[in-house]
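Sequence annotations record features per position, and here Swiss-Prot assigns active site, cysteine persulfide intermediate to 437 based on sequence analysis. Annotated Zn(2+) binding site per Swiss-Prot: 236, 239, 313, 316, in sequence order. According to Swiss-Prot, the feature compositional bias 'Low complexity' maps to 39-49. The domain 'Rhodanese' feature in Swiss-Prot is assigned to 370-482. The annotation region 'Disordered' is assigned in Swiss-Prot to 39-58.
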């Protein structure tokens, strides 16, 4: 027994040492790739200069640059000084998706000198309706490489630096320190807090935006950048949102949906704000505001004035708890701070059924009638239910189910909510109840809620979810089921 324990301890130590070595190799590779990208860009710039290298330049820009940028240079707010500032600016875009694509497109077109892009995802066909730098031919390609390929065709003058991985607290400081302005084009709270914290700690202005369905928000944060405790500095993301939203309230574009022109509008506005930050003087910095865009409202734009830095902010106050050391060491846990959004542990294996097993037990109505007919509840929102649905299902949206508090009844005094159909609410029925959703997440929450209402009759009635939702249904039962 002692020998086995010693062997296990030795293996753990070897694994730990190997993981440490691997992390070091990854950092070394990242640094080497950055150095190679810079060297390649400098070589290209030297080649472009060509014959002009040995003779004094009469004008500060190349002749081709005057022709390319002339229409924006004659705008009074920009002019030649602004164009020169753009050419020397280094901008980092975190996220090459719906926000990052239009932002990168317009910054590259405007002549920003160095443009870095961070993203570890690959292009999916579902991205193409809104992520305008990616083409159908690039499905399956890294988003960063796909985006830079397009940008180089648009404007070969800027230096494009790819960061082919998701942002981590350990690597963020080393990446951010090489840039002047940061754009947050991500879609999850944990990364937003990480980006803001790193930008504040390194003194970088941050342009942050978000978009979902038909609405978007935009803020310029940490502008002007000031040391911790300096109240004249711009607020950070933590100053505006000291506490993250509840984990179960967060919707991604995949879950909530997104209209392409909406996220495109916000990305273009990010590019505009970045240009203003780069070309403006400190005297021209405006008070911080939250800009809200609602595509179906009139007027569609409104702004809310933001407060200055919070006196007790965890990152930009004099008594900050977040530092570069806590980032690099992993002591600042962003996933823990924001909470987990995964409902994987909500139900046990006995409370779930695979799509193929469900269809084997209960054939479609046209194929035969089972002895015990189950109730199949589809908890997708009505707009999704109307896209495609199973004929034998009924639609009770998850928002309706979650809106009623446990144990609350309707106005008649019933112990069950009014949204339950009579055949489900009947105290005599033991017919099974199955719940299905799009991905297999909301259905678990719905099953738990139905059991809280006592619909499982103390275990005498099956109340279960179809594991993996309609995504798994397409894989296991019906390959023609629409995937959206």
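Keep in mind that glycine also has a Cβ here, set from the backbone N, Cα and C atoms.
Within 10 Å of its Cβ, the residue among the binding-site residues 239, 316 with the fewest other Cβ atoms is 239.
Between the CA atoms of residue 313 (Zn(2+) binding site) and residue 437 (active site, cysteine persulfide intermediate) there is a gap of 40 Å, rounded to the nearest whole number. Its Cβ taken as reference, residue 313 (Zn(2+) binding site) is surrounded by 23 other Cβ atoms within 10 Å in the chains shown.
It is 37 Å from the Cα atom of the residue listed as 'active site, cysteine persulfide intermediate' to that of residue 236 (Zn(2+) binding site). Under the DSSP three-state reduction, residue 239 (Zn(2+) binding site) is assigned to helix. Residues 236, 239, 313, 316 make up the record's Zn(2+) site, and a Cβ search at 8 Å around their centroid adds 196, 200, 222, 235, 237, 238, 309, 310, 314, 315, 317 from the same chain.
Within the domain 'Rhodanese' (370-482), the DSSP-based counts of helix, strand and coil residues read 36 helix, 15 strand, 62 coil.
Residues within less than 8 Å, Cβ to Cβ, of residue 236 (Zn(2+) binding site) and separated from it by at least 6 positions along the same chain comprise 196, 197, 199, 200, 206, 221, 222, 309, 313, 315, 316.
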